[in-house]
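A quick write-up on the structure given underneath.
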């Protein structure tokens, strides 16, 4: 369970959000909505422990992430605007490196993940030679390799075609059905039943 308790964020003397409270239970898929500048990315970074709140705290499994940072990060997969893809490595090598960091190397799973994001035939191309959209697909392929319970995804559908969006939507729903938590922002319309997708709107 993820809890956001009384979180206030002020940037450049402007209040982005104030005394924000909500709880996300295991098995939930949540979309953060709001106008540009409402603080969606800032909120995701605060929840992920990558940014600071002026007031309030984030709790994971009933403990503050400040006191439980190691376990929290072991449960977290965060994908932000910066993909974290290493330009000098191939698409395959990037995912192999990601798996090696988590002591979970599986070559067949890497090939499968790259195929699922539409990069079959591009596995051995250096990431620096891929388009920005293809680099983002490399980053998204980590989702198929992840055993993290909490996914925090900032605009994961950027530069993804309609078929790719459908594939990712199914992945998000499957992760939630297996007891995981997906927290995301997107400017695209999601074709997910309202019973399976909850929305939290900032700026209102």
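Glycine residues also receive a Cβ, built from the backbone N, Cα and C atoms like all the rest.
According to DSSP, residue 38 (ATP binding site) sits in a coil region rather than a helix or strand. According to Swiss-Prot, the feature ATP binding site maps to 34, 35, 36, 37, 38, 39, 40, 41.
The domain 'ABC transporter' feature in Swiss-Prot is assigned to 2-202; the stated evidence is sequence analysis.
Those same-chain residues not listed among 34, 35, 36, 37, 38, 39, 40, 41 yet with C-beta within 8 angstroms of the centroid of the ATP site C-beta atoms are 16, 42, 202, 203. In the predicted structure, the domain 'ABC transporter' (2-202) carries a mean pLDDT of 93. Considering only the binding-site residues 34, 39, the Cβ with the fewest other Cβ atoms within 10 Å is that of 34.
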